[in-house]
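These notes concern the structure reproduced below.
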Amino acid sequence: MTQVLVRNGIQAVGDGLTSLIIVGKKSVLKNVTFEGKFKEVAQKFVTDGDSWNSMISRIPASGRHPLHYELAHLITVPDASSRGNTPTNAHSIYKELKPINYPEDTKNVHFVLFAEYPDVLSHVAAIARTFCKFSMKTSGIRELNVNIDVVCDKLTNEDAVFLTDLSESVRETARLIDTPANILTTDALVDEAVKVGNATGSKITVIRGEELLKAGFGGIYHVGKAGPTPPAFVVLSHEVPGSTEHIALVGKGVVYDTGGLQIKTKTGMPNMKRDMGGAAGMLEAYSALVKHGFSQTLHACLCIVENNVSPIANKPDDIIKMLSGKTVEINNTDAEGRLILADGVFYAKETLKATTIFDMATLTGAQAWLSGRLHGAAMTNDEQLENEIIKAGKASGDLVAPMLFAPDLFFGDLKSSIADMKNSNLGKMDGPPSAVAGLFIGAHIGFGEGLRWLHLDIAAPAEVGDRGTGYGPALFSTLLGKYTSVPMLKQ
């Protein structure tokens, strides 16, 4: 299994064939001198300082430049960016790295990352997510030793340890997303959560199967009751006495979404194994934060189901009662994510007494029309929180764009004549579909009245091509990092 290790400064690598990847913005690279440890690792591919200086002066401001029969590469990261992009331009690193085919006998991939302090986290995360963990090819998974040596005066050893853990969290998120539902069943995802809970010394609560119905979790139970393995609600709690903040990370964990009785098409159903990307990202964000001295109370709440077809599955026209006590007329069995998240956020508010609630989900296909394939779409009742998560998105590379929060204008789109609300609007609506879906969740906690609530739809940025991106841990580590002991997260 490939391991990714982040180190403070340039260091030696292990024995065997090594591929060298030099990464940095051109404005930073032009100040790099060909001497010392950099010369030691680069001189196999760049003959001398004059050659280095000549190359840096002539290469384009962005792109990948193969060196020495493609055993080494120089990646220049654009300095300029638009207002809606991240100034770190982290996506360009992923774009340039992903096509590289390392020579068959490569043992080590040695990254030398020259970066300014604010850019380091997003650049490391972009590099890490190119090394996918899941594969069932009979040829096996290549085992590489990946070292990311960061050259940055302000970087501390504690930063480097955190970045190693963050890299693992990003890659674990992607692994969970890439794992098919015949392997990552609801039971298996519960086991993954329990493993994280044990590793972080967390309090673990698991409510499963018929226990959900008895406890009133109507959304989670009724969506998941038709699945081959039982639905579950898992809470990991990092409780700090005297906390002034009680934060809940709520994730949608639909291990497979057939659409239910209103079944998806033959082209719409493939890749629905990824519908647990919100739960995966929140689980691994929780792990990264708690491992590094999170000083406030933090909970991860995972709503885990398989939305399948059976004689007992939810039917259009069914009315179910939610944990909030509200009733919902189901008119769309493929609008299941909002049903399970509504139970999750209500539990976070009423049982965990959370002062801030985040929910994250691969919720709506319409999200890509609202904010594109690279930006998650955020809706919140708190303008300051909206600004904070957009800023964190730019710093982390997990980009975020705002969507409208206007329950007084748009919640009427879910009006029902026989229940408190419908779970979707199948006709013309006043609100954007992704925002209306988010408002359904918020309706069960009074649209965040008395607390801060943010809903994040990541249907598009959770994936790229055939792979998960690991979206989430970098974003929430940056957003909530001020409560950790990591210097780079406190800037």
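The backbone N, Cα and C atoms fix where each Cβ goes, glycine too.
Note that the structure is predicted; figures quoted are calculated from it, not measured.
In the three-state DSSP assignment, the secondary structure recorded for K264 (active site) is coil. In the shown protein chains, 15 other C-beta atoms lie within 10 A of the C-beta of K264 (active site). What Swiss-Prot records for K264 (among others) is active site, and it gives sequence analysis as the kind of evidence.
For R338 (active site), applying a Cβ distance below 8 Å and a minimum sequence separation of six or more within one chain yields L363, N423, A437, G438, F440, I441. If you look up Swiss-Prot, you'll see R338 (among others) marked as active site.
Positions annotated as Zn(2+) 2 binding site by Swiss-Prot, on the basis of similarity to another entry: K252, D257, D275, E336. All protein chains included, D275 (Zn(2+) 2 binding site) registers 26 other Cβ atoms within 10 Å of its own Cβ.
In the three-state DSSP assignment, the secondary structure recorded for D334 (Zn(2+) 1 binding site) is coil. Annotated Zn(2+) 1 binding site per Swiss-Prot: D257, D334, E336, in sequence order, evidence recorded as similarity to another entry.
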Protein Cβ atoms within 10 Å of K252 (Zn(2+) 2 binding site), excluding its own: 31
Can you tell me how far the Cα of E336 (Zn(2+) 2 binding site) sits from the Cα of K264 (active site), in Å? 13
Spatial hits near D334 (Zn(2+) 1 binding site) (Cα distance within 10 Å) out of the recorded positions K252, D257, K264, D275 come to D257, K264
Test of understanding: give the count of other CB atoms lying within 10 angstroms of the CB of E336 (Zn(2+) 2 binding site). 29
Among the binding-site residues D257, D334, which residue has the largest number of other Cβ atoms within 10 Å of its own Cβ? D257
By CA distance, which of the binding-site residues (K252, D257, D275) lies nearest to K264 (active site)? D257
